[in-house]
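*Asks:* The compositional bias 'Polar residues' annotation in Swiss-Prot covers 198-208. The phosphoserine annotation in Swiss-Prot covers Ser217. Per Swiss-Prot, region 'Disordered' is recorded for 168-233. Feature annotation from Swiss-Prot assigns transmembrane segment to 258-278; the stated evidence is sequence analysis. Under the heading zinc finger, Swiss-Prot lists 1-43, 53-101.
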Amino acid sequence: MGLCKCPKRLVTNQFCFEHRVNVCEHCMVQSHPKCIVQSYLQWLRDSDYISNCNLCGTSLEQGECVRLVCYHVFHWDCLNARQAALPANTAPRGHQCPGCSVEIFPNTNLVSPVADALKNYLAQVNWGRNGLGLALLSEDQSSSLKAIKSKASVSQAAVSNMTKVHHIHSGGERERGKPNGGDASTPHSVLLMDAFNPPSSGDFNASSRRPLLPRQSPIGGTDRDDNKYQRRTPAALLSRWTRRFYSPSSRPPWRRTWFLVLSGILAFVMFIYLLAWMGRSGSNDGLDESWNNPNPQPNHYE
């Protein structure tokens, strides 16, 4: 079990073999759509992986990929062609993962970002809609979906190419403007938004509540995951304990105030007790012993 490093901070046992980090299902869909993800125990047994599609043998980076509920990744075109070649009367349980023979169609009561993304792909083809219990698409509708999908992929590729050209061109202008005593244009940033997947109101609300910079505790440090098993020296433990007094904390302020007050009272009582003990030990000198002796011995002088 591990903690995902995304803002959701979910506990997960899935591990990305390529980036070597714990990932939750939200990160699988958003940040690791083409990565090899399996359990952390599987990675401990064998960390070797091949980032190729098991159906065609080519790299997963060369096409659109889909992740099944068993977390295996395939090219969508390869998986669609394989499952479409099955008979039309194939039961939903007959559509299985080529790698582990797990049913492709997720359960209806499964709440999972990976399952939701898979359902979006399955809803585009008739064999997928048949397994999901949806109405079948006509030939015109399926052809229009394919045309829209191809246009979307072409436009996204063109936007990415234009972005690269723009960065190269702007970088060249800045390099030419430096010898003349300053930059030719002021630095700026370009915000590209997907025209086919506009952000919803929920995304705006979520982004408005997200802090600009993640708050890092100065006590644990930035390399908390790297040295969490390192042996702490007494100096490091003392420094960590003293830094808690001025570090920002999520606890109520009255707890810290009461802790300081009780610590001061305890220190004052210990100081008074120490002074009293030292006073009693200093009063037991030889003069007091002679006056309190019941059988004094007189001194004889010759």
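Every residue gets a Cβ built from N, Cα and C, even glycine.
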*Asks:* How does the model score the zinc finger (53-101) in terms of mean pLDDT?
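*Replies:* Over the zinc finger (53-101), the predicted model scores a mean pLDDT of 91.
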*Asks:* Of the residues in the zinc finger (1-43), how many are helix, strand and coil by DSSP?
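*Replies:* Summed by class, the stretch gives 10 helix, 12 strand, 21 coil.
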*Asks:* Using DSSP, how many residues of the zinc finger (53-101) fall into helix, strand and coil, respectively?
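*Replies:* Helix/strand/coil tally for the zinc finger (53-101): 15 helix, 8 strand, 26 coil.
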